[in-house]
């Protein structure tokens with residue numbers, strides 16, 4: 001390993017990386033404690049083509065296959081409808097609660113502006129914020145911690161092939177929905193769009209299985225889809241439906257799933273995902289039109305509505321493209337700064353704010369500080385704008401302004417973030433003072449950075465757009481001031497849109513899907529080219545300094561995430577050097593006691609075992625989950641001979657146990673049964689993927705990543721098993737600033 005410049009430790013366990021251990025030294029040498037003791041497992045995207053599978057396929061008629069295909073379309077339709085309904089519920093609840101809160105505070109401020117005592121208004125604002133955040137924070141911190149944040153890093157991991165515990169449970173969905181309503185209504189610098197992607201994924205995981213393990217209800221539907229292969233496809237459809245409901249961008253949703261996750265992709269899957277996305281945005285649109293008293297008026301395609309950008313009024317000129325590119329570079333720099341600050345803040349939280357009560361206290365502190373900062377900025381702002389007949393302010397605050405005027409700073413702070421974004425895009429030139437925008441950008445940047453990573457359900461999309469829209473509009477105003485004779489070419493709304501795209505691209509670093517989402521959300525393809533250029537430059541500039549926000553959080557969780565390609569300088573590494581060895585193998589006919597002992601060994605916790613015939617020649621592969629089902633049903637050779645009437649095990653028995661297979665400790669095996677033999681021939685996968693020991697790392701990586709494998713057997717010239725490649729073996733190689741780096745895998 002002479003060419004590897006640096007070795008750093010990454011705590012793991014077994015053949016599927018386990019997030020255990022006291023501390024994880026990161027790539028830059030900073031040691032942090034583990035956030036929690038939880039095990040991340042790989043998904044089995046590869047079909048196990050054993051005898052049971054082949055027999056079932058032979059028995060299935062042509063009509064049976066057609067019914068399965070129809071079922072897939074029905075499930076995708078249900079995913080779209082349910083995701084749209086959840087988005088509709090979140091939108092209505094946030095609007096009602098935030099509307100009530102701002103109305104109460106507005107009346108209170110107006111009352112005390114005349115008679116004095118505005119400090120009471122500040123206390124009221126802080127108390128209302130804290131009350132909402134307390135409910136959301138307690139639910140997340142004490143009931144379901146995995147529901148914290150936007151959930152996008154976890155869904156990215158799931159689509160990448162890593163099963164994060166509890167990420168697609170019903171309880172997670174309930175806490176997520178209530179949490180995001182409370183955090184947005186509580187005035188935090190968050191958005192409700194990011195969590196929709198997680199919510200859609202949970203809906204998909206639940207609907208596609210035809211049962212709820214949390215509620216212990218089995219509806220005896222869709223039993224064929226109870227395996228990782230099918231479930232992961234549906235989860236990608238759910239994530240796309242979530243994007244579609246959030247932004248009214250069905251094509252953007254499909255591209256999000258393609259860009260961020262699914263390794264295996266085909267035309268029919270693309271069609272089904274697009275169908276789920278379309279149904280999702282239509283459902284949201286339809287029910288919101290009824291709620292707003294305009295049934296059939298389908299003008300609310302997503303939770304965030306940027307409003308329409310008319311081509312004539314805000315067309316751009318070719319000489320503006322370099323200006324847009326400079327804004328993209330600025331967005332990349334600000335995004336890298338945001339991500340770096342959040343990275344160190346997250347390390348601090350993992351170290352010191354790991355108890356649920358401390359997490360709730362921090363969330364309350366942020367809520368109170370947000371209210372105090374907002375109030376202070378509004379109080380000291382003297383940016384008064386005339387309240388014209390065409391004004392679209394929801395809660396205009398007069399404060400110390402003259403009659404017929406409102407405080408422009410209040411438009412930005414005294415509102416839900418979505419409305420603030422829309423006002424920055426569409427308010428008339430002159431609606432905002434440059435000083436107001438500058439101060440707002442500065443304060444909101446640090447508030448959003450502090451807020452992301454709290455123990456509340458919250459997204460980073462809208463705060464990023466709001467920060468970018470503020471400094472983008474500021475750029476437009478400054479450019480117009482340089483040419484006072486013809487200020488109309490630098491329309492502030494146009495620059496607000498470009499700034500929003502640059503800031504969002506600089507923080508999350510998505511290019512393809514984000515371009516289409518922005519174009520679909522603005523309803524104008526005219527901006528396709530500038531938005532694409534801005535996002536590309538923001539990503540290039542940002543990546544030079546720091547990774548994307550979601551990638552940082554994935555790395556902090558020590559998840560073995562596989563990128564699209566192997567590190568560029570890794571061709572000289574071979575399978576023999578990266579594989580795990582020695583390998584625990586089973587004989588084709590194995591003693592039950594041996595199997596129980598191996599599965600009970602907590603020091604290894606392996607999940608896949610090559611099956612061999614002497615002398616150690618490979619004849620198949622069997623999984624821990626299969627062996628547990630076989631032990632549970634006592635599928636022993638001696639019992640099969642003595643009880644001829646014993647029911648033969650079918651694939652249904654394995655599907656019924658999926659996904660929560662019982663632990664080996666819960667299965668009782670008597671001393672006599674330990675002496676029995678188990679024949680694995682019928683249940684093992686007789687044709688596992690194998691590679692020769694001299695195969696280069698990029699070839700191994702490509703095979704593993706493209707086929708979504710969990711185990712890849714390494715064999716020698718005479719087909720003897722010499723090693724096993726798993727996800728953690730490939731994820732430990734990383735191209736750093738000093739060349740290829742290996743993360744030293746410490747067994748725990």
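One-based numbering along the chain as shown.
Glycine is treated like the rest: Cβ placed from N, Cα and C.
Record features (TrEMBL):
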type	residues	note
COMPBIAS	1-12	compositional bias 'Polar residues'
DOMAIN	684-742	domain 'CBS'
REGION	1-25	region 'Disordered'
TRANSMEM	73-94	transmembrane segment
TRANSMEM	122-143	transmembrane segment
TRANSMEM	173-191	transmembrane segment
TRANSMEM	234-257	transmembrane segment
TRANSMEM	269-291	transmembrane segment
TRANSMEM	321-345	transmembrane segment
TRANSMEM	357-380	transmembrane segment
TRANSMEM	435-455	transmembrane segment
TRANSMEM	461-483	transmembrane segment
TRANSMEM	495-519	transmembrane segment
TRANSMEM	525-545	transmembrane segment
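Ranked by Cβ pairs under 8 Å to the transmembrane segment (321-345), the stretches 73-94, 122-143, 173-191, 357-380, 461-483 are led by 461-483. Through the fold, the transmembrane segment (461-483) approaches residues 150, 189-194, 246, 304, 323, 327, 330-331, 334-335, 412, 417-418, 420-421, 424-425, 429, 432, 434, 437-438, 440-441, 444-445, 448, 451-452, 489-504, 507-508 of its own chain, all at least 6 residues removed from its boundaries and within a Cβ separation under 8 Å. Here the transmembrane segment (269-291) does not lie next to the transmembrane segment (122-143) in space: the count of CB pairs under 8 Å, restricted to residues six or more apart, is fewer than 3.
Using the rule of three or more Cβ pairs under 8 Å, pairs at least 6 apart in sequence, the transmembrane segment (234-257) is in contact with the transmembrane segment (73-94).
122-143 is the stretch from 73-94, 122-143, 173-191, 435-455, 495-519 with the greatest number of Cβ pairs below 8 Å to the transmembrane segment (357-380). Residues 173, 177, 180-181, 184-185, 192, 196, 199-200, 203-204, 207-208, 222, 225, 234, 237-238, 241-242, 244-246, 272-273, 275-288, 291, 302-303, 416 of the same chain sit 6 or more residues outside the transmembrane segment (73-94) yet have a Cβ under 8 Å from a Cβ within it.
Listed as Cβ neighbours of the transmembrane segment (435-455) (distance under 8 Å, sequence separation of 6 or more from its ends, same chain) are residues 137, 140-141, 145, 148-149, 188-190, 334, 338, 341-342, 345-346, 349, 356, 359-360, 362-363, 366, 369-370, 373, 377, 381, 383, 408-409, 412-413, 463-464, 466-467, 470-471, 473-474, 477, 549, 553. Each residue of the domain 'CBS' (684-742) gets a DSSP state, and the totals for helix, strand and coil are 16 helix, 25 strand, 18 coil.
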